[in-house]
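Asks: Mind having a look at this structure? Questions to follow.
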Amino acid sequence: MSEQSICQARAAVMVYDDANKKWVPAGGSTGFSRVHIYHHTGNNTFRVVGRKIQDHQVVINCAIPKGLKYNQATQTFHQWRDARQVYGLNFGSKEDANVFASAMMHALEVLNSQETGPTLPRQNSQLPAQVQNGPSQEELEIQRRQLQEQQRQKELERERLERERMERERLERERLERERLERERLEQEQLERERQERERQERLERQERLERQERLERQERLDRERQERQERERLERLERERQERERQEQLEREQLEWERERRISSAAAPASVETPLNSVLGDSSASEPGLQAASQPAETPSQQGIVLGPLAPPPPPPLPPGPAQASVALPPPPGPPPPPPLPSTGPPPPPPPPPLPNQVPPPPPPPPAPPLPASGFFLASMSEDNRPLTGLAAAIAGAKLRKVSRMEDTSFPSGGNAIGVNSASSKTDTGRGNGPLPLGGSGLMEEMSALLARRRRIAEKGSTIETEQKEDKGEDSEPVTSKASSTSTPEPTRKPWERTNTMNGSKSPVISRRDSPRKNQIVFDNRSYDSLHRPKSTPLSQPSANGVQTEGLDYDRLKQDILDEMRKELTKLKEELIDAIRQELSKSNTA
């Protein structure tokens, strides 16, 4: 190659813009370029060529003319101009500027020396050759090579420094990148820890909130269950109280109904007795053996009032006494006497007549013992005024009654005197304001005895009293007819306690039960103490004209029917209680 590079430098090539009065980068883009000074050995010319380091774009290519003015404006910025424009080189270092400036000076010296050299031979062609002053061509070549070598070394050193700088920059960038990554990692870890801590706190708070809410709900549920249980217990207690109150009211209503019927039956009892008395007292001239014969079957009704049935509890309805109960051997405590009877339809009995002149007036008998009821169910209807004697008091009263009867038997052997004594005793007993109603037993016997004595006295007085007696018999005939019809034709469709006794509109079976024994008690009342207490083991076996045995069978059936009804009611009540308990249990289970 005819051209050789005598120098290279790293510099930014600039061109001066005359229009804008400023330096602009050559090639339109900034950046360093490799600037060489080439020497054409054949022509002995020099030129400056610059290429971009990045894309090898030629940014400068100008010849170095002879007489060029090279201006070193600063240590790193040199400039020159040719006929077209002004060039400037902004070197990267002082070494590059010095190397390029030395090569430029050497090129200018060569060009200047070449201009003066040929002219001298032409001018002095006739003169001998002279010794050239200055370095020879070989020396210049050696210097040029040395400069190139230095330039090359500097270039290598510069490249090495550039590589080191770039390596340092790369390491610095990597370090910064690592630091950035480490910092980001730490920040990420910190954020992650904070997030986890926040989530843990939120989870703990949520769990605590849920636990607190569950505790509150459990407490509310327990409170609600306790309130419901208390409310249920209160409702059950109110329901039990209501049922108890209704049961008590039902019992009171039944007791009042039974009491009302008993009062009606007790009030109708004297009217039902008048007719059998008329039939018994129709023949006033009855003989003494006839009375003795009638005393035998009348002993059982007299014991009926003394031997009592067992005392039953107040809730069930009372069982009416019958002949079957009269033969019970165990005497229970006596019940309360019934209230005084309502006035009967017949005329009131007249006062007892004065004693006859040929008779010794009997001593006043003591008040008889209160009559014993045939059943213990009268206990619920007794009052404070007519409370009966029980226990030892009843036994003492019975003993007094026996003593008086014995005295009457010894002092007054005649039947008329006994009748008078019994009449006075009956008057004394019935005249008491708080005396019990004679329903059965000795009280019923005393009532019958009083009626018999009154009939006897009326028969002894004369015809005027006999007319009154006939009127009384006429008035008493109607109840006998109604009673006979009711006893002879019982209603098969009704139960025994529902059969209607048409006398005075009452429906009590007590009146019809007592009619037959009273007829026998009237005849039996005049007998002695021994005949009163004669033991009888069996009731009447022969059916009488009044139908005693038939009534006994009716009242046995009545007793059985009442027991059956009581069992049915108790079973029904038990089922209702069981159903109510089941309903409450089902409510509590569903709640």
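Even glycines carry a Cβ here, placed using N, Cα and C.
Note that the structure is predicted; figures quoted are calculated from it, not measured.
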Asks: Have a look at S508, S516 and find the one that Swiss-Prot tags as phosphoserine.
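Replies: Per Swiss-Prot, the residue annotated as phosphoserine is S508.
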Asks: Annotation phosphoserine per Swiss-Prot: which of the candidates S279, S414, S506 has it?
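Replies: Among S279, S414, S506, the one Swiss-Prot marks as phosphoserine is S506.
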Asks: Where does the phosphoserine label fall among S125, S285, S302, S586, going by Swiss-Prot?
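Replies: Swiss-Prot records phosphoserine at S125.
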Asks: Do you know the DSSP helix, strand and coil residue counts for the region 'EVH2 block B' (442-459)?
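Replies: The region 'EVH2 block B' (442-459) comes out at 18 helix, 0 strand, 0 coil.
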Asks: Where does the mean pLDDT land for the region 'EVH2 block B' (442-459)?
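Replies: Across the residues of the region 'EVH2 block B' (442-459) the model's pLDDT averages 76 on the 0 to 100 scale.
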Asks: Could you count the residues of the repeat '1' (156-160) that DSSP puts in helix, in strand and in coil?
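Replies: Per-class counts: 5 helix, 0 strand, 0 coil.
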Asks: Where DSSP helix means H, G or I and strand means E or B, what are the helix, strand and coil counts for the compositional bias 'Basic and acidic residues' (221-264)?
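Replies: Helix (H, G, I), strand (E, B), coil: 44 helix, 0 strand, 0 coil.
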